[in-house]
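Asker: Structure below; questions to follow.
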Amino acid sequence: MREIVCVQAGQCGNQIGSKFWEVISDEHGVDPTGTYQGDSDLQLERINVYFDEATGGRYVPRAVLIDLEPGTMDSVRAGPYGQIFRPDNFIFGQSGAGNNWAKGHYTEGAELIDSVLDVCRKEAESCDCLQGFQICHSLGGGTGSGMGTLLISKLREEYPDRIMMTFSIIPSPKVSDTVVEPYNTTLSVHQLVENSDESMCIDNEALYDICFRTLKLTTPTFGDLNHLVSAVVSGVTCCLRFPGQLNSDLRKLAVNLVPFPRLHFFMMGFAPLSSRGSQQYRGLSVPDVTQQMFDAKNMMQAADPAHGRYLTASALFRGRMSTKEVDEQMLNVQNKNSSYFIEWIPNNIKSSICDIPPKGLKMAVTFVGNNTCIQEMFRRVGEQFTAMFRRKAFLHWYTGEGMDEMEFTEAESNMNDLVSEYQQYQDATIEEEGEFDEEEQY
């Protein structure tokens, strides 16, 4: 019941994805060959959310791995859990998208998209009751952003009533991997605004900061960053996979977190995070993790929640705890920091409790917040986009693949609209209701 098909597009998506499958397999007691080695029935009870049972009791991830070049696939296959995936579910081209959104979305990616949709269809058909798709990709490259958004829009057509959830790695403010990131990101956001139900925005720089400051790792690798992301992805879906006192699923998350259809870009956080040395000095109680969860240093985006206000938030607790305590803490947070929460949505924190904590922890909490400060990120990318687009720098790479300049202008204005929508709701108060009634008619 309630299965999720996980799609990984591009190098970034596949690296996060393969780390994520290590975490999930570990939680369910599945070893790298797909054999169940666990010790508790709870691990098996709803293992089928992410795994399909093949002949001989072998568990196969419901994963679709896509890339436009074979390199990443080879490294996934060579990784610790490389043999667990179905070989047919690796779909790759030979040419690569070369960090070009147009190649991923219109030329190279479009040639591959039919075979990808076939595999997705097969996976969806083997499900009892498909809950939705989760897509891991980055917005700065070519494949994850271009082909990822193409796939999202195709899946949207075919499964209009299923939840479409994306884990999107957004370019960082200071560190840039690619010069054309602003173009690729803006074009992708333009698609995500229309086609996804919930987008978790994750930012490499914020992840580096968490590794440096909180976990005290001197030289964090992408593996460490991806592990952090996996912890969150696993936390978001743990209610589907393990029994709990207060359950939540992808649809409940969307219903409770998205006040207006376009504002579905969330911030993520995870607690407890502490360095190996300081673990024994920290408390592990509901108030402790609640406090750490709302800490700006724990957010996986380079946007400061203090600069915006929470439209809605969701706290997904894991571990044995009393519901009363959780409710008290949530109320407490809202009362103490009421200025950071929008007052025209009362009780805007949703909480859920799952009984099984992650490996090695007594208690953990995953935080998903819809904060207006995420506009900082879009605004930053928009400024970089405008600076390059005004001079038409690098544009020939995109027009050469058949794109039109109009698309860039549309994407830019769509992103600017998004920023101003966030700003409008950040400034809105209860009193001004009369003014908005006329505007809301569109």
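Backbone N, Cα and C define each Cβ position, glycine as well.
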Asker: Swiss-Prot has E69, S138, G142, T143, G144, N204, N226 down as binding GTP; which of Q11, Q291, Q292 does it also list for that site?
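Answerer: Site partner of E69, S138, G142, T143, G144, N204, N226 for GTP, according to Swiss-Prot: Q11.
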Asker: Same chain only, sequence gap of 6 or more: which residues have a CB within under 8 Å of the CB of S138 (GTP binding site)?
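Answerer: Same-chain residues close to S138 (GTP binding site) (Cβ under 8 Å, separated by 6 or more) are G10, Q11, C12, G13, G144, S145, S168, I169, I170.
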Asker: If you count Cβ atoms within 10 Å of the Cβ of G142 (GTP binding site), leaving out that atom itself, what do you get?
Answerer: 29
